[in-house]
Amino acid sequence: MPSNKSVSDAPITQFINCRILRDNELQREDLWVREGRILDPEKLFFDEQGYADKRVDCGGSIIAPGFIDVQINGGYGIDFSQASEDVSDGVSFVAKKILEHGVTSFCPTLVTSPPEVYHKVLPQVKVHDGGPHGAGVLGFHLEGPFISAEKKGAHPEKYLRTFKSGGLEHLMEVYGSLDDVAIVTLAPELPGSQSVVRELSQRGITVSLGHSAADLSQAEEAVQQGASFITHLFNAMLPFHHRDPGIVGLLTSDRIPAGRVVYYGMIADGIHTNPAALRIAHRAHPSGLVLVTDAITAMGLPPGRHTLGQQVIEIQGLHAYVAGTKTLSGSIATMDMCVRHFKQVSGCSVQEALEAASLHPAQLLGISPKKGKLDYGSDADLVLLDEGLNVKATYISGEEETGPPVPLYMIDMSGF
């Protein structure tokens, strides 16, 4: 029998015995879901006289908004930067697997590549909601090729680009299209970059500053033109200096336009960022911290050699290096690992750790409160976690899509 004939015949699910992350607090109350959205129980009870068709006993679990990963290069043997006829199948495979780690939405990330790779890959994957097929795709994150040769990191130098006269037109020639693109990472010191930042921002694309030797004034100018994100803070940028802190200085800059927030990605895998540096960033600007995995092909695979775009990567323990070097190249961490490590080493609250993987990336992309919150009317993309922030189950639109995760192959995660 339908719960509510006056508004909808759709069944209602009630999550009981849980603590809900809402308004920066863990609140002991039930969560009600219908048609993939979170319901206001007061309206349900008093306006509709509705009741639950199904109850889910959460056993005291924490319910948080589903995690959002805005920088993930692949995983489980899949490299998003490898052009093939079945790119969408690879993205779908990763989308299904990352549900085990609480991720309900993500931005497939392409590293610096030749134009033919962008032209082949980008048309094959469209923005879409999550479901039984896996986490939803929020749009591509294009990391390069308009970055600094000095701070290229693992990006192949021969494919790096500068902006020719015309700026955005040249970018369009390289990418082929900006359809289904959510984020572009570029170096703001490149000649012509500021007009590109402005035009991308006007198109609703998030501009991120990264792989850059920019000084603080160049970074501030980019933010004034519309940039709002920093790609993997501290990595592939000028180190902090007291006379010119570079891009890192944006965390406390007084030249950020009123009402604007600069967010910054943090790879909290215990390798890319020293715990002291992570604590400094968090204490300086807690509301801007966005946890990212920067995961590569080898996430979930055994040690050995794998690919990342046009490079060969070698996995040694928890480190991913460009083969034959000690240059770090992405991570093999999962998002739930990053959440646990961040909380452990920063001393932040459970709420802060969870919001860094959900609320903040949603705010960055302008999709909150639809995503990243458990407000009334928000999408019922949920992750259930125990006291240790281990994932117990992941829900998309109120439907359970996975049970607890399988540990990464042959990797000791006891420290995470």
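A Cβ is built for glycine as well, from the same backbone N, Cα and C atoms used for every other residue.
What TrEMBL records for 62-399 is domain 'Amidohydrolase-related'.
Applying an 8 A CB threshold to same-chain residues 6+ apart, the list for His211 (Zn(2+) binding site) reads Glu143, Gly144, Ile147, Ser148, Lys151, Lys152, Gly153, His155, Thr185, Ala187, Thr231, Ala236, Met237. Feature annotation from TrEMBL assigns Zn(2+) binding site to Glu143, His211, His232.
The Cβ of Leu328 (substrate binding site) lies under 8 Å from the Cβ of Gly153, Ala154, Asn235, Ile271, His272, His319, Ala320, Tyr321, each of these being in the same chain and 6 or more residues away along the sequence. According to TrEMBL, the substrate binding site annotation covers Ala154, Asn235, Ala236, Arg243, His272, Leu328, Ser329, Gly330.
Summarising the annotation, TrEMBL assigns active site, proton donor/acceptor to Asp294.
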Out of His232, Arg243, Ser329, Gly330, the binding-site residues in the record, which is closest to Asp294 (active site, proton donor/acceptor) when you go by Cα distance? Gly330
On average, what pLDDT score does this prediction assign to the domain 'Amidohydrolase-related' (62-399)? 95
Taking only the Cα atoms, work out how far Ser329 (substrate binding site) lies from His232 (Zn(2+) binding site), in Å, as a whole number. 12
Counting across all protein chains, other CB atoms within 10 angstroms of the CB of Ser329 (substrate binding site) number 26
Among the binding-site residues listed here, His232, Arg243, which has the most company in the form of other Cβ atoms within 10 Å of its Cβ? His232
